[in-house]
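Shown next, in structure tokens, is the structure this report addresses.
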Amino acid sequence: MPFGNTHNKFKLNYKPQEEYPDLSKHNNHMAKVLTPDLYNKLRDKETPSGFTLDDVIQTGVDNPGHPFIMTVGCVAGDEESYTVFKDLFDPIIQDRHGGYKPTDKHKTDLNHENLKGGDDLDPNYVLSSRVRTGRSIKGYTLPPHCSRGERRAVEKLSVEALNSLTGEFKGKYYPLKSMTEQEQQQLIDDHFLFDKPVSPLLLASGMARDWPDARGIWHNDNKSFLVWVNEEDHLRVISMEKGGNMKEVFRRFCVGLQKIEEIFKKAGHPFMWNEHLGYVLTCPSNLGTGLRGGVHVKLANLSKHPKFEEILTRLRLQKRGTGGVDTAAVGAVFDISNADRLGSSEVEQVQLVVDGVKLMVEMEKKLEKGQSIDDMIPAQK
């Protein structure tokens, strides 16, 4: 849990090697980068709001990692964390985001008209389509570090902004603390709401403190545009619907997101963004667009094909189970999404999903007929 700075000063009574964490069994990006020398160099630094190196790395110390999935192992507590602890974050970002260098510039493109196609994914295979991102509000610390008052202020500001939306975006806010257990579970099962904070990554980073205080979900009247408030990020903005019309999902995502951004700007609270990291978020894995464009797609034959993993890698896509990270695929339904976040734009990332899923559905249809797909295996994108 994040402590006051006085505790960090107290730790300096001990030598760096006495405070250096045991990372011998760890498989995460932080553990690869954090040498005793780097720990020594950064351990007495803190951001203006008092976030320290130990706060940054705690979640990665407590969660050594997954044998197959390389977790990041660190979080930012405020916008300045990425600058004050850049000697740790930069190599992690480079490692995680395909060699993205400290001098590289990120590009943003939220013009939905630049997406080609996307309205023709076969609904017999593509069951639902979803695009999400995160946003952080400038002037507040991030969920691993914020105080109760700060979190409530973020909620108040967000609800005022969201409640002023009109037309297809008119909706209502539902605070977590006024929901019954059943209502909450129903929303989780329908993939509308974030899970209760049982994830060790959330718990160890301090993001679940004071749960469910100042957390909630806002959605428009037909539940196709949702905003989570104060989970892992200040805001998670989601556009989703049943079927395969990714073009429409992306249109709604871009238009709604830009409306929200305008309202926050007018209120004097723009979103955290810079030209190197793009949109600044709590977890380094989400920097850049913060975007995950995903579909639930049925791939009964392709998923058994020996080249399934290789095809995904070549298309720059990743698969998750039906219920998201760490879940199994139910009935051969996979959650397929873009692997990249940083260094390419929103349009480019969703384009990869649209084109890649279309190709995979064509492959699936060929395999159903007992035909070979060897001539369809794509080159590396």
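From the backbone N, Cα and C atoms, a Cβ is placed for every residue, glycine too.
Per Swiss-Prot, the features are:
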| type | residues | note |
| --- | --- | --- |
| BINDING | 128-132, HIS191, ARG236, ARG292, 320-325, ASP335 | ATP binding site |
| DOMAIN | 11-98 | domain 'Phosphagen kinase N-terminal' |
| DOMAIN | 125-367 | domain 'Phosphagen kinase C-terminal' |
| MOD_RES | SER164 | phosphoserine |
| MOD_RES | THR166 | phosphothreonine |
| MOD_RES | SER178 | phosphoserine |
| MOD_RES | THR180 | phosphothreonine |
| MOD_RES | SER199 | phosphoserine |
| MOD_RES | THR313 | phosphothreonine |
| MOD_RES | THR322 | phosphothreonine |
| MOD_RES | SER372 | phosphoserine |
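Feature map: Swiss-Prot annotations on the structure.
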{"residue": "ARG130", "record": "ATP binding site", "contacts (Cβ under 8 Å, 6+ apart)": "HIS191, ILE238, SER239, MET240, VAL249, GLY293, GLY294, VAL295"}
{"residue": "ARG132", "record": "ATP binding site", "contacts (Cβ under 8 Å, 6+ apart)": "ARG236, VAL237, ILE238, SER239, LEU291, ARG292"}
{"residue": "SER164", "record": "phosphoserine", "contacts (Cβ under 8 Å, 6+ apart)": "ILE263"}
{"residue": "THR166", "record": "phosphothreonine", "contacts (Cβ under 8 Å, 6+ apart)": "none"}
{"residue": "SER178", "record": "phosphoserine", "contacts (Cβ under 8 Å, 6+ apart)": "none"}
{"residue": "SER199", "record": "phosphoserine", "contacts (Cβ under 8 Å, 6+ apart)": "none"}
{"residue": "THR313", "record": "phosphothreonine", "contacts (Cβ under 8 Å, 6+ apart)": "GLN380"}
Secondary structure at SER128 (ATP binding site), reduced by DSSP to three states
strand
Per residue, counting other C-beta atoms within 10 angstroms of the C-beta, which of the recorded positions SER128, THR180, SER372 reaches the highest number?
SER128
Counting other C-beta atoms within 10 angstroms, the emptiest spot among the binding-site residues ARG236, ARG320 is ARG320
Name the secondary structure element type, per DSSP in three states, that contains ASP335 (ATP binding site).
strand
Cα-Cα distance linking SER372 (phosphoserine) and ASP335 (ATP binding site), given in Å to the nearest integer
24
For the domain 'Phosphagen kinase N-terminal' (11-98), what does DSSP give as the number of helix, strand and coil residues?
42 helix, 4 strand, 42 coil
